Structure formats: C-alpha cells, structure tokens
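Chemist: Pasting the relevant annotations from Swiss-Prot:
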- Asp151: active site, proton acceptor (ACT_SITE)
- Ile31, Gly32, Lys33, Gly34, Ser35, Tyr36, Gly37, Val38, Val39, Lys54: ATP binding site (BINDING)
- 426-439: compositional bias 'Basic and acidic residues' (COMPBIAS)
- 25-316: domain 'Protein kinase' (DOMAIN)
- Thr187: phosphothreonine (MOD_RES)
- Tyr189: phosphotyrosine (MOD_RES)
- 394-481: region 'Disordered' (REGION)
Amino acid sequence: MQQDQRKKSSTEADFFTEYGDASRYKIQEVIGKGSYGVVCSAIDVHTGEKVAIKKIHDIFEHISDAARILREIKLLRLLRHPDIVEIKHIMLPPSRRDFKDIYVVFELMESDLHQVIKANDDLTKEHYQFFLYQLLRALKYIHTANVYHRDLKPKNILANSNCKLKICDFGLARVAFNDTPTTIFWTDYVATRWYRAPELCGSFFSKYTPAIDIWSIGCIFAEVLTGKPLFPGKNVVHQLDLMTDLLGTPSMDTISRVRNDKARRYLSSMRKKEPILFSQKFPSADPLALDLLQKLLAFDPKDRPTAEEALAHPYFKGLAKVEREPSCQPITKMEFEFERRRVTKEDIRELIFREILEYHPQLLKDYINGTERTTFLYPSAVDQFRKQFAHLEENGGNGPVIPMDRKHTSLPRSTIVHSTPIPAKEQPRIGPSRDKPSDEPYSNPREFDRFSGNAPRTSQAPQRVPTARPGRVVGPVLPYENGATKDSYDARRLAMNSGYPPQQQIPQAYGYYQIPGKSACSELSQAERYTLHQQAYTCANSATVTDVALDMRAPPFHLSGGPKSDSSERLAAETNLYTRSLNGLAATAAGVAASAHRKVGVVPYGMSRMY
C-alpha cells in the first residue's frame, strides 16, 4: 500500500514538474498516451470535480506543432458550447520565456464514439437519433463562427455513459475569411481519409465550404448504424471507388465543375455506376434517418444541407427546435493573424502564453497593463496573496482558499552583515517635526522632504544583490528611494520611517570603547567624557560619515501620518531631544567606533507598514 502511494507521488512529481498549480489536482491514472504527450485523469481538490489533464511536451520543438496547439486552445476558448469539449484551466508555466510543456485541464469524458461503436451492439434508434442531433447542433455552432473542423471522425468525438457527445481536437480546424487564399488554406490538409469529402480526395474545387464537415458527419452516422466504417479506402483512388459504388457516378454537370484537370478526366473515364438504395444498404434503419443520411452524403457539396437545415429535418421532430439551437458570432481576423504571416517560435510562445493567461484573470490584467512578471518560479508573499485572490475570482468567491506555501523569498528579512566597510555615503536629513502629531495623514511618502525642507536624497541601504536566477537562493533586497521602498511588481509602496510620534527617549544602541590604559568606559575622566560627547554630537548631525553610521533618529516603525512644521521648529525639537539623550548618543558613537575598528558594518532593518 505504501509502495503504491510512493509510486503515485513519484508519478505526480514527474507529471507536473515545476508547475505551481500541481497541488490543486490529484492524479488518478494515465488514460491516454501519444506523440504529443500523456493524458491523466485527476480530481480537482478545490471543487471535487473529475478532470482530464493533457500534458503536451516540447511544444516548440517544431513550429508547425506549436501553431496547431495554439490554434486548438484558441478555438476551444472561443467556441463554448455544450456539445464541444471545454477547457477548464491551463496551468501557469514557471517561466514566461522558457517553458516547453503545457498542461491543459479538460472536463473528463469516459470514452469516445469509436469505442462506443465497437463495444455496443445494442444501441437503439433513440441512441442513433440523439447522437446525430448532438453532432449537428455542435456543427451549427462551429460553422456560424466561420470555422471548419476538417478532421471529424469517431475518435475525435468524446462520449459519456449518459450518451453525451462532445466534439474535440481542433488542431486541423481553420477559420474561413473571404480573403483567405485557398491554396494556403488547404495545403496542410491531412485528415483521416475514410471521412474525407470527395472534393478533398480529388481536389475537385478551388473553393471549399462547410459541406466538407457535413460529409464527415454523414460517414460517422452511417458507421453508428452499421458498426463499421462506410468508406475504408486504402488510397485516394480506392476511396473514390467506394464512394461511387454506393452513390453512383456523379452527373456530367458535377464533373464539369471540377477544376482539377486530372480529377475531371478520371471521373469522366469512370464506368457508369448506378447508386445503391440506402434502404438496401441499411435495412434496419429508420426511413427518415436514411433520407437525412442520403442528403448528408451527396457527392456534390452544393447538394448537401447546412447543419441548421439538417436540424430542421423531420427526423428530429419533437427533439430539435432550430430557433433554440445556439449560434456563434463570426471570429475576427485579429484572433488568427498568426495564420496569415510568418512567425517565429518566440512569437508562438508569446501567443500561447497570452492564451494561458486567459485562465488567470488577475495576471492577464497585469499583462495587458504591462506590469506582468517574466518569471513565476519563486513567488513572494504578495504573489501568494494575488494567487489566492485570483483563485477566488475565478471561482466566483466560492471554494477554499489556497494555503499559503512558505517560500524562501518570502522569509523575514534578516540583518545583513558586510565583511568589508560600507563606503561613505551622504546621510539624508529626513523625518518630520516631532512637536505634535498631525491630524491629516498624507499618502505620498515623498512629501516629508517638503515638510523638512530637505532636497530628496538616497538613503543608505545595502548594495543591491543581482536578480535571482531560477534555482539560486537570493534574499530579497528592495530598491530604496528617499527612505521608501517600492515593490517593482506592485503599485503599492513601502514607506520606511516616514513619521514618529512624540516620546520620552529615542532608541539607544549600547557599546563600549576601550581607551588604552583604561579598563572600561566608566573609568573615563570628565574631559574624556566631554570629548566623546562632542564626537557623538558631530556624528549625529553631520551630513557624511567616514565609515559606518547608525542613524538612531530613525525609529524601527512608523505611522502613516506626520506633523507639518517648518525647518526651524523641527531643528529646535531635535536639538532638545539630542540634549536629553546625549548619554545614549555617546554610547552610540562608541558602538560605531568599535564597529569601524572591527571593519564590520551592521545595517539594521526596521519594520515597515504596507499601504
């Protein structure tokens, strides 16, 4: 039991690699494999729903494969319909620039129509009718969006035990625009031959229509009725022979409209064949079903009905109402601009990343506003909160909150000790007057420079650490600006010590400096004490220091508001504070001197409040 559990955990780790949403899904079993990757069944621990997760690996190895994946996820986002498989989620990759795999979360379907046909020999006429109804209803929605599926076959139609069907696999689909060159539109057509319309087998026409999908639906419906493929051709010529064996040779009018000279000559030279009665080919089928099937399998595409016209056929009386079957708005050219120009792998990667963000609304908003991050390997605490809020937004405010994972980049900031002295830097004279608290809180942390009368300067801070690379642990060092820190990802600001309420005594730092010949600080003479006092006062008020300075005027916390006063009042108040705390400052100077003697600089971090 434990061995199975460990094996399952190992499988999950191998399946998800570094993707952060992995904890949301509990892998059950592998339900499919192919050249694209692997499909696993899983449970969404947030909703309890069963899903199928399709891992597509190395998607950018071949640009044609990447374009096919982009096309499919884009179309499935745009074509939302009960009879079309739904993408529920796409996991956010660990890096925007370097990801190679994607994880697409679908609703879980138990089987496909190919398996249903093979395993069930007891399907009823009601099954046949309901199956065809769902397929035509989905096709109506697809075609009203000006989309041709181009690869309809039983394996691309998912099925559940409750007879629910859903069309999937839009990798070969295309959006038809009036100005799309036909030669480009069909150059990569490699759909399964058995379900391919005759005009595609022989390149009969230069302009193709949605009738190619109608033909495929007819072939699928005939296979449902008989349990075996209708036209299992071994090659294109054999395929055309099988078609004409059932339907008869096409009329001279149809042949005359064939644009391809070779195909036209072949059809003209074909011996005359009479069509076979469908009632003879399908003896146990409903006559209305056969009447509709014969229309779906018309050799000439202009004789085939549209999906909407087929739904209005008497075969669906009492089941379908054309006016209530949904239609889709035509898809705009902008969505598929990449199909009309030469694109690189980097272009496709960016477009796929943009599609992934459609399932992460908050990050999509940042992306559109130009404030997105380029890597998501090590999220900070703020990123974790954003993830929780995005989860609640995506789930309509329902469902449990994602637990906060403790990441090394969100650990508390520790004291940074430099092994070499920090170069002398100019110390800012910041901090508002401490005579009385202000009744008006200010929102801009830069305003205290105006209150104090000082020009903006850069406060002393630890030297900036290079940006962390994936896999390298580097503590967080925020950029400093005028005593405030700013998160590069968030518009909110962190203000350091922008205000300080009146108090009796300022924080003190204690140290001991031993003068040669003296055992301790307590043995200093009055003159030596006075000298140290003067040094401390000079250090506290000077603009520069020679080695290391601890600005004890900066408290370890601050309030959101600060008093407003002129510089003379502020100076008087600070002078009084320094006079009362002269002994403490002397000890501070002694500590500074000791630190300088040891050549070790200690940079204290005060707590700050986010707003």
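Cβ coordinates come from backbone N, Cα and C, glycine included.
On a predicted model such as this, the values are computed, not experimentally measured, just so you know.
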Chemist: Please report the three-state DSSP label of the residue listed as 'active site, proton acceptor'.
Modeler: coil
Chemist: Averaged over the whole of the domain 'Protein kinase' (25-316), what is the pLDDT?
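Modeler: 90, rounded to a whole number.
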Chemist: Between Ser35 (ATP binding site) and Asp151 (active site, proton acceptor), find the distance joining the two CA atoms and give it rounded to the nearest Å.
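Modeler: Distance between the two Cα atoms comes out at 18 Å.
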Chemist: Quick one: give me the count of other CB atoms within 10 A of the CB of the residue listed as 'active site, proton acceptor'.
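Modeler: Excluding its own Cβ, the number within 10 Å is 20.
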Chemist: List every residue in the same chain as Ile31 (ATP binding site), at least 6 positions away in sequence, whose Cβ is under 8 Å from its Cβ.
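Modeler: Within the chain, Ile31 (ATP binding site) has Cβ neighbours under 8 Å at Val39, Cys40, Ser41, Ala52.
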Chemist: Distance check, please: Cα of Lys33 (ATP binding site) against Cα of the residue listed as 'active site, proton acceptor', rounded to an integer number of angstrom.
Modeler: 20
Chemist: Measuring Cα to Cα, how many Å separate Gly37 (ATP binding site) from Asp151 (active site, proton acceptor)?
Modeler: 20
Chemist: What's the most sparsely packed of the binding-site residues Lys33, Ser35, counting other C-beta atoms within 10 A?
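Modeler: Output over binding-site residues Lys33, Ser35: least Cβ neighbours within 10 Å is Ser35.
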Chemist: Report, as a single number, how many Cβ atoms besides its own are within 10 Å of the Cβ of Gly37 (ATP binding site).
Modeler: 18
